Structure formats: C-alpha cells, structure tokens
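J.: What follows is a single structure, and I will ask about it in a moment.
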C-alpha cells in the first residue's frame, strides 16, 4: 500500500476539487505569492516608465526601446514565414515562438510525468478508479496548468499604453497578432481541460460534479461559466466571422470580463495571482482609456473626397505630440456608443501644432454611415465624437535608411501620409539630407488618385517638395484611362463649436511616463494596504478564531474589488490633477477656423505633386522589378495594404540576395 504522501499526491492528480485544499490555501499565503508573481512584473513596468521618461527628455519623442531596430537585429527582423495561418512572421518572432512552444511542451510533459508517477496500483485499488480514468484526470489538470501560462501573457499585447511594449520596440497594433495567437492556444488548452473532466465525471457516474460550488475549494460551476464565455468569445475571433460580422465579434469580445471574473472564482485568488500581473496592467490602461473617452472632443472640420474618403480634423493642444504612423481610436455616439475604430493619424505634430487629422475610407457599415452623415451635414451642425489615444511607435526608425520604398494599396496609403509629412518637415527645417522616398500606390479607380492630395498639408502647401526627393508611382488597376468625369469637388464641412467639446490633449500631461509609473506603484501599494486590513480584520478572525474557513468565493470577490478600487482611485486622481494643470493650455486653444476651401480637382494628383508623379493605368506594380532597381546599402520597404501585397513584398525581402531590403508591414485587420 502506498504511503500517505504518495496517496495524497495521487488524489491531488485525479480529483480537482481536492487540489484546492493543497494548492489553494487561504489568504495567509497570498502575501508571499503577491511578491513572487505580481511584484516583479509591476516593478519592471515602473522601471520601464522611468527609462522611457529619461529617453523622452533626452531625445524628444524619437526614443528607442531595448529591442528597437539596429544593425545587429536587422537580419533577425527579416521575414521567415510569409504565407500560412500565422501571416508574416520574422525570424525573431519565430525564435521567440519556438521558445514559448518549447516551454509549453516542457511544462505539459513535466506535469504529466509527475502526475502519472503518483498513479500507482495501490492508489487505483484504494480509489476504485481505472488507470485510464486516473490518467484522464491528471491530463485535465496538466492542461489547465499549461493553459494558465498562456493566460498569464494574454493581456500584455492589448495594453495600448504599456511601457513593457515600448521597451521591446512594439506598438499595440503590431502586438495584436500575439494576442490572437495566445488566445487560440489558451482556449485550446482550457477546452481540452474541460472536456477531460466532463468525460471523467460521466465515466465515473459523478455527473453531479458539474453543479458543485463548494464554500472552500474549486468551483466547477464557475469553471463551466468561464469555459462557455471563452468558447463564445473564441468562436467569433476567426477571420471568416470577424471580417464579415465585425459587430458580432466586437460585442462578444466583452465576454472577457465574465471569463476573467469566473476564472478567479473557479480557481481562487491565490492561484489566480499567476495570471494577475498582465491583467493588472491592462486594468490600469483600460481605466485611463475610459477616463479619456468620457470627454467630447472638438471636431473642427471634415474634407470629403470624391472617392468616398473623409479627412476629420480635430482640435488639439500644442503640447500633444506623437510619432508618424500613430493611431487613434474614434467613437461617434450618433452611430454607435460602444464601437471604437482605429485610424491612422495623418497630421504631423511638428507642423500642425493645434490640429490633428485622421483619414477614413468608406468601406464598412460604420465608416459608410459616417461618410453619409458628414455628406449631409450643414455648417451649423455638430458631430459629437470621442477619442482614445494617440498610440504609436516609440521611434521614427525609418530615418536610418538610405531609401524608403512605401508600398500601399487603397486606403493603406494613410500611414505613409504621416511619414511623408514628417520627412517634409525635417527636409525644410534641417540641413540633413533625409532618405530618398519612392511611393508605390495602387488604386482600383482613377478617382482614388485624389487621396494623393492629402500627402501635403494645406497649411504647408508652399513647402519645397524638391527638398524631399520624393517620387510617386501610382497604379490604377481597373481603369484603362483617366476618368471622363474630370471635375470632382472636394467639399469641406465646418462644424459648429460647442462649449462642452475640448481639444485633444495628453491625459497624463508631458510627463506621462512618470505619472503612469506613479499610478502603477501607488495603486499596488494601496491594494496591499487595503487587502492587509481586510485580511487582518475580516478574513483572519474567521480562519483562526472561529475554526471556520472564509469562503474562497468571498476572498476572490474582495481581492477583485480592492484591485479595481485601488486602480480607479489612483488613475482618477492623477487624471483630475493633470486635467486641472492642463486647463490653462486647453483654454488657450481658440476657435479654430479651417483653412480648407472647396476646390475642383481632376482625377490626377495636385499640381504641387504632378511633376513627381507617374500614373500607370490598367496595370499592377511589379514589386520584384521595382525593388531590384532600387539602389542603396539600406532600403526600408514599408508595406500597407491587402494581405497579398504584403506577402509578395515580404517574399521578395526574405531572399538572401536582398540583404539590403528591410521589410516592415502595417496591418490593422
């Protein structure tokens, strides 16, 4: 007969409810777990904020992360995989992905080896189970433990203002694919975990286990709610549904709240501390985003292009700065109060000190309705709008190249508008020669050529474009010749100002990284103080004085409540402080009159760009030939457009014979 220790370990491997009494002790062990799991990650986030603040003060907004572009890492950032379910994957991403998969395989094999070793013949005889049933229970537990590893990383990529992402040279937009990968792996493990226990309960005639929610230990009901919410969320994330039914995907994604809450109820707060650091930083970011989104912003004007493209111009404070290719989330309550859509900022914070603009093409239901509303607006109308952001890269690393090849398809030209405006600003304000620029843009119809008029800001139309060394090759794929309707009106709509509308400003002020560090650190300290008081005067007396055990459900609910209160108090306090501090700058932003005027355009580039533009009708760009003819020791190839275009460019840049080509893509799908 096995010893008592081996017998206990065997029960732990098979019966998940019994694990709670061994692995999930009450709040008396939470303090050490907080120091092990939570404190190191939050410390790195705070130190990262301090580092980014120092670099920001030294280099302006063009600071670099630890893993940002450099000559040493250039080869690692070349495309390794071009086609497939993962999309375009660089060698660096492939290396980290391989290490992460190796971690999961090693963890799963270690758990299974240890759990199976405890399933001895003596334990089988004592428990009355069959060997395959015991191993099935052990497998279900191992799958859950490995799934928790994935869940621990799941929320890092979607924290838009995270200092950790900036430290490694990532943006929130570029990190979305990592969130998707982790989400698929997490749900695969958790689904397998749930199936293992359902099969086990059916095989052992213990189906009543699905209704158990004990006062102390694992709650099966909470686990089932977690799994159902996760499956509903997971089902709408696949591209076939996400692209065609975006609203369904968007609304069901809010089930993550139910998923996380009942996950904590399922395993208890002590065990949830493993996955809490990433979610804690996400909550800080989400709270700040909510505070910003509650303020109506001043929409000054809109330019309507004949190709169903609209340029929205918002008022902003001069102190708000951002890098090229930054994005901003826009919400129009008149269309939907819940939907937020990201758009690339096309203005330049150096030249447009009091204005911020985004370009939106009418392609989906939300954007089409926005275009219709603006088209039928009168000058006295007011369009209520809210924003979140801007969010962008930490550096303008494209300046390190000798030549830039910007490849766009349709509305994919928008990220390059901000890049060209930044290069134009630098060319006219410094004596340094910037990189040569070749813009290759593909449009379906010739009327879309009017989007090229957005390359130059109206306020800076007199800039010397010759200083930019810009060459534009425009390809019209469907029209064989210029459109017959040569006269197309670009209309400008002025919006009536409202006292409640404010210019866009940085919610944490110019020292935003310092304030973010203060929010993270102070909220965590407040959380520790509050949870210590609650444990001492509420949980501890019940556990030790009365001989009873405080319900795990209550402990988890208290922890979650205290976390939310701590983050809300600190974030709101910092937000109000900076809002009062910035009130003087906000008040100085007077009523802005747009300098745009209605004018007639041909379906050709404006006169200021005509000499630099070649238009090719009825053909597509031959990227392989074009890139082969480019000369330079370092050529940056930036692609923004359909998947096929990005994959074609990535395949060319991945060849060993094109070591001077450095690929980067922009995708917001």
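Positions of Cβ are set from backbone N, Cα and C atoms, glycine also.
Because TrEMBL annotations are produced automatically, they should be read as predictions rather than curated entries.
Sharing the features that TrEMBL gives for it:
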- 34-54: transmembrane segment (TRANSMEM)
- 86-108: transmembrane segment (TRANSMEM)
- 140-159: transmembrane segment (TRANSMEM)
- 180-204: transmembrane segment (TRANSMEM)
- 216-236: transmembrane segment (TRANSMEM)
- 248-265: transmembrane segment (TRANSMEM)
- 292-397: domain 'FAD-binding FR-type' (DOMAIN)
- 513-537: transmembrane segment (TRANSMEM)
- 557-577: transmembrane segment (TRANSMEM)
J.: Which stretch, 140-159, 248-265, 513-537, tops the Cβ pairs under 8 Å count with the transmembrane segment (557-577)?
T.: 513-537
J.: Do any residues of this chain, six or more beyond the ends of the transmembrane segment (140-159), have a C-beta under 8 angstroms from a C-beta of it, and if so which?
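T.: Distant Cβ neighbours of the transmembrane segment (140-159) are 13, 16, 19, 103-104, 107-108, 111-112, 115, 165, 170, 172, 175-176, 178-179, 182-183, 185-186, 189-190, 192-194, 196-197, 200, 263, 274-275, 277-279, 281-282, 284-285.
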J.: Check the domain 'FAD-binding FR-type' (292-397) for me and report the mean pLDDT.
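T.: Mean pLDDT across the domain 'FAD-binding FR-type' (292-397) comes out at 88.
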J.: Apart from its near flanks, which chain residues at least 6 from the ends of the transmembrane segment (513-537) lie with a Cβ under 8 angstroms of it?
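T.: Cβ under 8 Å, 6 or more out: 27, 30, 34, 38-39, 42, 45-46, 49-50, 52-53, 56, 161, 163, 280-281, 284, 288, 558-559, 562-563, 565-567, 569-571, 574, 578.
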J.: Please indicate, using numbers and ranges, the residues of the same chain that are 6 or more beyond the transmembrane segment (216-236) and have a C-beta under 8 Å from a C-beta there.
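T.: Sequence-distant neighbours of the transmembrane segment (216-236): 16-21, 24, 183-184, 187, 190-191, 194, 197, 209-210, 242, 245, 248-249, 252-253, 255-256, 258-259, 262-263, 265-268, 549, 551-553.
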